[in-house]
Structure formats: C-alpha cells, structure tokens
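S.K.: Summarising the annotation, Swiss-Prot assigns signal peptide to 1-22 and lists sequence analysis as the type of evidence. The domain 'Peptidase S8' annotation in Swiss-Prot covers 168-483 and is backed by sequence analysis. Per Swiss-Prot, active site, charge relay system is recorded for D202, H241, S415, and the stated evidence type is sequence analysis. Here Swiss-Prot flags C258-C407, C350-C380, C498-C527 as disulfide bond. According to Swiss-Prot, the repeat 'FU 1' annotation covers 674-723, on the basis of sequence analysis.
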Amino acid sequence: MRISIGRIAWQILAVLIAVAFTIEHDSICDESIGACGEPIHTVIRLAKRDDELARRIAADHDMHVKGDPFLDTHYFLYHSETTRTRRHKRAIVERLDSHPAVEWVEEQRPKKRVKRDYILLDNDVHHSNPFRRSVLNRDGTRRAQRQQPQSPREIPSLPFPDPLYKDQWYLHGGAVGGYDMNVRQAWLQGYAGRNVSVSILDDGIQRDHPDLAANYDPLASTDINDHDDDPTPQNNGDNKHGTRCAGEVAALAGNNQCGVGVAFKAKIGGVRMLDGAVSDSVEAASLSLNQDHIDIYSASWGPEDDGKTFDGPGPLAREAFYRGIKNGRGGKGNIFVWASGNGGSRQDSCSADGYTTSVYTLSISSATYDNHRPWYLEECPSSIATTYSSADFRQPAIVTVDVPGGCTDKHTGTSASAPLAAGIIALALEANPELTWRDMQHLVLRTANWKPLENNPGWSRNGVGRMVSNKFGYGLIDGGALVNMAKTWKTVPEQHICTYEYRLANPNPRPIVGRFQLNFTLDVNGCESGTPVLYLEHVQVHATVRYLKRGDLKLTLFSPSGTRSVLLPPRPQDFNANGFHKWPFLSVQQWGEDPRGTWLLMVESVTTNPAATGTFHDWTLLLYGTADPAQSGDPVYSATPATSQGVLSRVHQLTSQVEESAPISFPDLTSAGNCHDECNGGCTESSSATSCFACKHLTQTLRNKGGSGFKCVQKCDDTYYLDGDKCKMCSSHCHTCTKAEVCETCPGSLLLIDVDNMPHYDHGKCVESCPPGLVADYESNLVQAKCIWRKDLCGDGYYINAVGKCDLCDSSCETCTAPGPMSCEKCSKGYGKGSIGYCRPCCPEGSTKSWQCEDCSKPDPTLLIDSNKSSGFGLMFWIVVSLIAACGICACKKCASETKSSNVEYAPLAQYNATNGAINLGAHTDDEDDDEDEVFVNPQIV
C-alpha cells in the first residue's frame with residue numbers, strides 16, 4: 001500500500017509541475033503556485049470609449065483611472081489605497097469582472113525588460129541646461145504645425161560644422177575600408193526626413209535638449225509611467241538611453257551642437273515607458289500611441305538577453321502591433337524598428353525574442369568599426385539588416401546627444417543600431433510618403449549592402465541570389481540606395497498566408513531521448529485553399545517541444561530552393577526543462593523564393609546526457625507572401641499545374657461556346673481590333689477590358705455599374721470572389737471573401753468571425769469587437785485577426801490554463817477542459833470512462849473486468865453528461881490532489897535524486913553518433929510509421 005501511495009504522489013506531482021510550467025512565454029506566471037509578482041495596475045476594456053463611464057466604474061470600486069485610454073477602449077485603473085491586502089484587491093477585481101459594462105478585466109504584472117546597450121566610461125561634454133519635467137499639452141497649434149508644408153529640399157553643405165560630426169565615422173566613410181552607410185548620397189539629394197515623425201519607445205527623451213528641441217514632436221510623445229504628456233525622464237543618472245537614441249535619429253545639423261542626426265529634419269518624440277514597471281498594457285499603450293500621426297517607432301529594448309529566456313509581446317501588445325500595420329499612417333501601416341539583442345556573450349539568440357521574431361518589426365543587427373560582428377551580437381534568421389555600432393573600448397562607438405543637454409561618443413550596442421536604421425528609413429519615407437510597412441521591408445533588404453561584411457563567416461546565397469546571414473541579415477543598410485529605390489517603388493500586392501500543419505504519426509507526441517535528430521518534411525503547392533502564395537516574404541514555424549534542457553535543442557529549416565535557416569541554435573545557458581509551446585520562429589531569409597516544393601524541418605539535440613528525455617509535439621509552417629511579383633521587374637514564377645489546367649479548360653470553354661444566358665450573339669459583332677489581352681473573340685473598344693465580346697479567363701461584375709457591366713480579368717480583384725468563371729461582388733463589409741456574405745479578410749483592423757463549426761454565430765462576418773463567447777486571436781494568422789471560439793485557441797490535446805495559455809491535456813484525454821483525467825471531454829485511444837466518470841485504460845480484450853480498467857466494449861454514456869457536472873467533479877479531484885501533493889513534497893528532492901533513468905515506455909528514436917556519423921535506430925522496428933514523417937539523414941550530407 002505504501003508503494004502505491006508513493007507512486008500516486010509522484011504522478012500527481014508530475015502533473016502539477018507540468019501544469020505550472022507549460023507556458024508560451026517565460027514571463028507568464030502561474031498564480032496558483034505563487035509564482036507571480038504583485039500586480040502593478042488593473043486594465044479594463046469597455047465596449048466603446050467612454051471616459052466618464054470608466055471613471056464612474058473605477059470610483060464605484062474604490063479605484064481611479066490614470067492617463068488616456070489605449071487601444072481605443074482600454075483603461076488603466078489603480079487601487080485607491082495601496083495598503084490593502086491582496087485578497088481585498090482580488091475581490092475588487094472580481095466585482096469589476098461582473099460589471100455589465102466591463103467586457104474584460106485583468107490585473108497586469110511586471111515583465112522584465114532591459115535596454116540594449118552596455119556600459120562604457122563616458123567622455124561626455126555637458127552643457128549647462130536645466131533638466132526639468134513639466135506637462136506639455138497636445139493642442140491644435142501643435143497639430144497644425146506638423147501639417148504645415150515644409151520648405152523645398154535644400155542640399156546641405158558638407159561637412160557639417162557640428163563639433164562631433166568628424167567623429168561620426170559611420171556617416172562619412174570612416175569605417176575600415178572607407179565604408180559607411182551611404183547616408184551622404186541621400187543628403188546630397190536633399191532628403192533629411194522632412195514631414196516624418198519618429199517616436200522612441202524607451203525611458204523618455206529630454207525634449208528641451210538644445211540639439212533636439214527644434215525637432216521635438218509632442219504628438220509623438222507621452223509618459224505612460226506617470227500618465228501625463230511630458231516624456232522627460234527622471235534625472236537619476238540612468239535614464240539617458242531614450243535621449244541618446246533620439247539624437248541618433250534627429251539631432252539638428254549645422255547648429256554647432258554635438259553631431260548630426262541621420263534624419264536631421266525629422267520630427268522626433270519619445271514615450272517614457274521603461275522608467276517604471278513594464279507590463280503588457282504599458283507596452284500596448286506605447287505601441288498604439290497616435291498611430292495615424294507617428295510614422296516610425298524605434299525600440300531598443302526587449303526581454304533579458306541572458307541566454308535562457310523565451311519571451312515576447314503579450315496579447316495587448318500584439319493587438320497594438322496588428323492595429324498599427326492595419327490602420328496606422330492612414331492604412332499604410334506603422335513601421336516598427338527593433339534592436340535584435342545584446343546577448344551574444346551568453347550565446348543567446350534573437351529567435352527567443354518575440355519582438356524580433358514578429359512579422360511586423362524590422363529587426364536590426366550591429367557591425368563594428370572594422371566590419372566584424374561585435375561580441376554582443378545575437379544570431380537569428382529574423383534579422384533583416386545591420387547598421388554600424390560599437391565594439392569594445394578600443395574602437396569608436398556612436399556619437400549622439402546626452403542628458404542633461406550634453407553629448408557623448410560612447411553610445412553602444414544594438415540599442416544604437418535600431419535608431420540609426422529608423423533615421424535612414426525616415427529619409428526613404430520623405431522620398432516616398434506612400435510606402436507601406438511591407439514596402440519598407442522589401443526596400444531595406446533589397447538595397448542592403450553585404451560587401452563590407454563579406455569577410456565574416458556564415459554568408460549564404462538564397463534561392464533568388466541574395467546574400468544573407470544569421471548575423472547581419474542582408475547586410476548594411478544603404479541610405480542612398482534605399483532612397484533611390486523608394487522614389488520609383490510601386491506598392492506591393494496584398495499579402496496572403498498559407499498554413500501547413502504537420503500531421504505527426506504515432507506515437508504522438510513523439511518521445512525523444514539523449515542526442516537525437518528528427519527530420520520532418522512538408523510538401524507545399526502554393527496553398528491548399530484560398531489565394532496562393534507564389535512569392536515568399538516571411539516564413540514562420542510554430543513548434544512545440546519539451547526537453548530536459550531546452551538549450552540543447554537546435555532547429556533548422558530548409559526551403560525547396562535549398563536555403564538553410566537556423567531557427568534556433570543551441571543556447572548553453574538555457575537549462576529550462578519545459579521547452580516551448582507553439583513558439584513563432586521567424587525567417588526572412590527565403591524572401592522572394594517560390595515556396596512550392598518540399599520543406600524540411602530538422603530538430604536535433606546537442607546534449608551530452610544520454611538520459612535526457614522529452615517529447616516532440618507539433619509544428620506548423622506559415623508562409624507569407626503574394627500571388628504576384630512584388631515589382632514589375634521581378635522574376636515571374638509559373639502558375640501551379642492544377643491552376644494552369646483549370647484556366648486552360650476555362651479558355652477552351654469560352655472559345656468554343658457562348659453561355660445560354662448571354663444577351664447577345666458575339667459573332668454578329670465586328671471587333672474593333674487591338675483588343676485587351678484578356679479579351680477573347682474580339683471587342684467593341686480597343687485596349688479595354690470592359691469591352692470584350694468574351695473573356696479569356698474570368699468575367700468580373702463592375703461594382704460602379706450597379707452589377708450590370710463586366711470586365712475581363714485573369715484573377716478576381718479584392719472585394720470579389722470566384723464563382724465558376726465569374727468574379728462576383730463581396731459584401732461591402734468584406735475586403736476579400738469566399739462567398740458574398742462570408743468574408744475571408746476584413747478592411748482595416750476589423751476582426752473576422754471564424755467559427756464555421758458553430759453555425760449560430762455569424763461566421764465570416766467582419767466586426768469591430770468579438771461577440772460574447774468568442775475571443776480575439778491576433779497570433780494564429782498575422783494577416784487577419786479573428787474572433788474564435790475560446791477552445792480553438794489551442795486545438796485538440798490542449799486546454800486554456802489559468803493564465804490564458806495552452807497546456808497539454810492528460811495523456812488519457814484526447815480533448816479536455818482542464819488538467820487531469822477528470823477533465824477529459826473525450827478519452828484517448830485505449831482509454832474509456834463509461835462507468836466511473838474519468839478516463840482510465842481499457843481492459844485487454846478477453847480479460848476479466850476489474851476496477852483497475854474500463855470495459856471499452858460498451859458505448860460511453862458520459863459523452864452526453866453535462867460538462868458542468870464534470871467540471872465540478874474535476875474541481876473536487878484537484879483539491880484532493882493538492883493535499884496529497886503537499887504531503888509528498890518533503891520527499892521530492894530525495895526521490896528525484898534517485899530517479900535517474902527515463903520511464904518513457906517507447907523505444908528511443910534514432911540517435912546521431914558525432915564520432916563516426918552513424919545513425920543508431922535503437923530498438924525501433926516500426927519502419928512503416930517512421931516513413932510517414934521522418935527521413936533520417938547524416939547532417940554532414942545535408
């Protein structure tokens with residue numbers, strides 16, 4: 001009996017540990033085990049903006065509102081008495097949650113965020129200047145000031161007289177080999193960032209600095225930490241980071257102060273948000289500030305660069321990013337520039353940083369004065385380009401302004417790289433203000449210069465002939481080339497997404513032991529449904545892996561063109577034993593390639609511990625791109641065979657006969673000649689797609705003709721859907737659709753209701769906010785945010801835990817609502833719950849039935865039981881579990897030290913022998929299952 005209790009206790013403890021640590025981001029805590037920090041504020045969301053209602057709700061709960069709302073309808077609430085007990089505060093929040101006007105409420109906890117510079121002894125030149133904080137209101141005068149037309153472009157006289165300009169080696173050929181970022185070529189065409197607004201998200205900026213004051217933009221500035229409009233940082237000796245970044249972008253030129261900013265005529269603002277506790281809501285409020293006014297947001301911070309953290313933006317920050325690219329700048333999209341990270345000395349990777357792996361950001365790396373990688377550089381395939389920065393104290397760093405009112409030549413790290421990139425991007429926006437956020441990503445990577453950095457190892461040529469590196473992206477940003485290409489750039493076609501989910505053969509999840517290598521292949525043919533992606537932009541891999549030491553894992557992706565991207569290198573400092581859950585790894589290295597063909601994901605371990613165990617669960621390939629070339633001069637890929645045959649048969653049909661419903665007989669008409677390419681059989685007007693006798697490909701109804709006219713097209717335009725050989729109009733609330741009233745994508749930042757399995761909802765409708773019972777999903781599809789049924793956030797085999805993240809169901813459950821066997825909705829294969837109410841193993845066929853197993857030969861009546869009963873029973877079970885766990889915790893260390901080997905019943909998978917290159921298949925004999933999803937190869941051959 002003692003042995004049985006001990007075994008049960010250990011099983012319970014294992015479940016509790018799994019529940020506690022199965023999380024998406026390392027910063028997400030589990031309050032049930034006391035792992036959370038004290039909440040710093042509470043956020044509520046109302047149905048629409050109503051400041052007076054928000055204040056009344058707060059007052060009724062002995063709280064108060066601070067600052068302006070963010071994301072339109074979200075408000076910061078603070079408890080009136082900070083000495084209240086935690087239990088009292090929680091009770092207030094629970095009452096808030098039940099208020100009929102409150103759609104959502106959450107206590108916000110601090111997240112660890114660090115500035116991406118490092119400390120050198122500053123040789124600063126300080127000027128006497130008062131360092132003050134005063135509130136500056138945003139008024140109509142300020143707004144009108146920015147809207148006034150600027151004077152014509154003036155060609156500056158170089159070199160500038162500013163005293164430290166001579167030390168800005170990265171701007172005038174001062175790097176080894178005479179290299180720089182070719183900014184002077186843009187300046188000499190008169191571009192200096194006019195009419196472009198840049199906001200520095202950081203610890204604030206000194207708005208009255210003599211080298212910034214004339215360019216200061218109050219509409220691009222605020223204080224989220226203290227909830228006022230003045231971004232001036234506290235003068236405590238530490239808060240100089242944001243001011244330094246601002247000076248790199250827009251320090252004045254020709255005023256004999258410090259050096260010059262890259263975009264010295266741009267408007268510069270700052271958000272004070274790092275000078276206090278940082279939460280998801282603080283980040284969201286910063287990222288969503290005045291998105292129609294601000295053009296570029298520059299951020300030189302992120303999760304800890306310690307080599308052991310996986311973390312990224314929370315749900316509110318992700319929504320802010322999404323709204324920015326959808327609605328910002330009048331629908332052209334805000335441009336988010338991010339520093340790639342300073343964890344190189346700890347062998348960190350920016351692939352573990354959810355800000356740099358966001359599709360919406362331009363991740364910027366660094367290079368040194370002598371064109372090498374700096375010691376702090378992090379590698380990842382999401383880095384798009386590089387600027388110069390610092391190395392060590394023996395080499396020159398970056399010149400900029402400093403607080404209070406001085407200058408420095410010691411600005412460092414990738415913190416210095418992101419603002420330089422933002423300034424150069426501002427030059428391109430002045431040259432072409434119509435550029436979208438995706439246009440800018442195209443331009444930056446197409447014009448980047450890899451030649452100054454070519455002597456660094458790791459460069460490779462991708463499938464379209466561009467050189468790319470995990471260290472430097474596509475190379476140094478080239479200001480002159482960027483501006484020149486921007487001037488003639490045409491807006492890229494709409495971005496689409498294709499999703500391919502890998503189906504893992506049994507055993508699922510797949511046990512992994514020791515040093516292993518798994519190779520999974522996916523065959524891609526454009527898109528299984530919807531608009532095809534033939535010209536790649538971003539590539540994402542969402543993967544779930546559990547392993548004893550997360551830092552021993554390595555993930556590599558191979559495209560059909562042979563481009564190899566190391567999505568995750570080994571990180572020796574990362575001893576996390578929980579792996580990662582659906583982490584969005586990003587690569588921009590396949591940009592421009594044709595995605596069709598076989599993709600291969602290699603998952604391997606570099607461990608030296610043969611007893612290291614884990615499980616591989618799932619992976620999904622997300623391909624972002626367009627159906628047409630981005631620019632007219634780009635290579636044109638052939639259409640898929642299936643599509644070509646379909647189009648060909650349609651042409652033959654139109655050529656051979658006229659539809660019965662056609663109101664005219666085409667042979668009776670005389671063709672005008674020189675018909676449009678889409679015409680078939682003649683036309684009544686030359687070169688007009690609306691005057692054809694018949695169409696080669698598709699007939700599209702004209703919206704402005706009330707549906708009575710048509711034009712011939714090769715494919716349906718946006719706001720139309722394909723029905724046979726006709727393009728019919730979508731409903732006016734759709735951007736694209738699959739049927740007239742079933743939207744596929746929505747205009748602006750509207751949310752798409754995607755609940756086809758729940759017909760009582762308006763599936764396919766575009767809405768401003770999700771109806772009750774549905775939740776907004778900004779993560780699964782970055783092209784179109786959706787309203788989904790809450791369970792769909794995770795999928796089969798997972799449930800939503802207490803902190804809103806996906807956790808694994810118990811192994812006995814195929815689907816579940818909570819942890820443990822008591823919460824199964826449907827039992828796994830080989831389990832049943834027909835007689836006892838929870839899933840347990842089926843009795844062997846022909847064996848004597850006993851209380852230890854389930855008679856699975858009988859139908860399961862519990863499938864019809866109300867889920868509320870099951871949930872209540874499950875709650876009782878977990879109360880008992882907690883008591884047993886508390887009793888068994890004392891023996892935890894002793895038992896753990898005695899338990900050395902794995903208790904996984906599956907035979908070990910293939911292991912790679914690094915000494916002789918052999919692949920050891922161990923005792924695995926089920927070759928048929930292996931062939932379904934794995935091809936074991938010698939990595940030296942690959």
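For all residues, glycine too, the Cβ spot is worked out from N, Cα and C.
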S.K.: Under a three-state reduction of DSSP output, how is C258 (disulfide bond) classified: helix, strand, or coil?
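M.R.: DSSP assigns C258 (disulfide bond) to coil.
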S.K.: Checking the contact step here: among the recorded positions H241, C258, C350, C380, C407, which have a Cα within 10 Å of the Cα of D202 (active site, charge relay system)?
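M.R.: H241, listed in sequence order.
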S.K.: Using a 10 Å radius around its CB, how many other CB atoms surround C407 (disulfide bond)?
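M.R.: The Cβ of C407 (disulfide bond) has 26 Cβ neighbours within 10 Å.
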S.K.: Give the helix, strand or coil assignment DSSP yields for H241 (active site, charge relay system).
M.R.: helix
S.K.: Spatially speaking, which of the recorded positions H241, C407, S415, C498, C527 is closest to C350 (disulfide bond)? Use C-alpha to C-alpha, please.
M.R.: S415
S.K.: Which numbers of helix, strand and coil residues does DSSP report for the repeat 'FU 1' (674-723)?
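M.R.: Residue counts in helix, strand and coil order: 3 helix, 21 strand, 26 coil.
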S.K.: List which of the recorded positions C258, C380, S415, C498, C527 have their Cα within 10 Å of the Cα of H241 (active site, charge relay system), in sequence order.
M.R.: S415
S.K.: Rounded to the nearest angstrom, how far is the Cα of C258 (disulfide bond) from the Cα of C380 (disulfide bond)?
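M.R.: If we compare the Cα positions of C380 (disulfide bond) and C258 (disulfide bond), the gap is 34 Å.
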S.K.: Name the one residue among C258, C407, S415 whose Cα is closest in three-dimensional space to that of C527 (disulfide bond); these are the recorded positions.
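M.R.: When the Cα distances are compared, S415 comes out closest.
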S.K.: Compute the C-alpha separation of C498 (disulfide bond) from S415 (active site, charge relay system), stating it in Å without decimals.
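M.R.: One finds 34 Å between the Cα atoms of these residues.
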S.K.: Any idea which of the disulfide-bonded residues C350, C380, C527 has the thinnest Cβ neighbourhood at 10 Å?
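M.R.: Candidates: the disulfide-bonded residues C350, C380, C527. Fewest Cβ atoms within 10 Å: C527.
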S.K.: Cα distance, S415 (active site, charge relay system) to C258 (disulfide bond), nearest Å?
M.R.: 19
S.K.: Let me know the DSSP-derived helix, strand or coil state of C380 (disulfide bond), please.
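M.R.: DSSP assigns C380 (disulfide bond) to coil.
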S.K.: Quick one: Cα separation, C407 (disulfide bond) versus S415 (active site, charge relay system), in Å?
M.R.: 17
S.K.: What mean pLDDT score does the repeat 'FU 1' (674-723) have in the model?
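M.R.: A mean pLDDT of 81 is what the predicted model shows over the repeat 'FU 1' (674-723).
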